[in-house]
Amino acid sequence: PAKPAAQSPMKLTALQLLLWHSALWMVQEANPLGPASSLPQSFLLKCLEQVRKVQADGAALQERLCTTHKLCHPEELMLLGHALGIPQPSLSSCSSQALQLTGCLHQLHSGLFLYQGLLKALAGISPELAPTLDVLQLDVTDFAINIWQQMEDLGMAPAVQPTQATMPTFTSAFQRRAGGTLVASNLRSFLEVAHRALRHFAKP
């Protein structure tokens, strides 16, 4: 009667070993370029500084939309965002569960490129917000260029630059301002994930 109980731990150990080997294989497959230290520290430090700059720009735009136009709660505008067709880029390769160097850099650049288009679509948002929007757009563009140049230096840039997706059409001042609130909020969330990934890549 004691035999099945004695076999159970052995079966469990074998299963754990199999799962461990499977997890190790997945990690190796997900990191074809080796350790994160293959990225220059100067590039990573510049990226982290650009993240902070764009985050501050986005916060400034959100704050001005809140104080000037009472658009203070992006979560209340989510349905409108879906109706307007405001896209959100993926950063699945930069998440802590599936961090992968090449894929993360590609998604980071594609996402920044998408936000360039979204910010351009917000042109005419309002005269008092135009300077804040212009600064945000410029800093997002600089960040995207920095990522692309690094991918080219490492020989991992796509053969062609991405093409811009179809942008939402804002037909009223309110839609532009509501869109600005959502885009700034989404951009800041996007950059939080990017910041965590870049900090991981910066570890020795």
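Cβ coordinates come from backbone N, Cα and C, glycine included.
Remember, TrEMBL labels are computer predictions, not curated facts.
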Candidate in Cys72, Cys104 joined to Cys94 through a disulfide, as TrEMBL lists it: Cys104
All-chain count of other Cβ atoms within 10 Å of Cys66 (disulfide bond): 14
Which same-chain residues, if any, lie at least 6 apart from Cys72 (disulfide bond) yet have Cβ under 8 Å of it: Leu65, Cys66
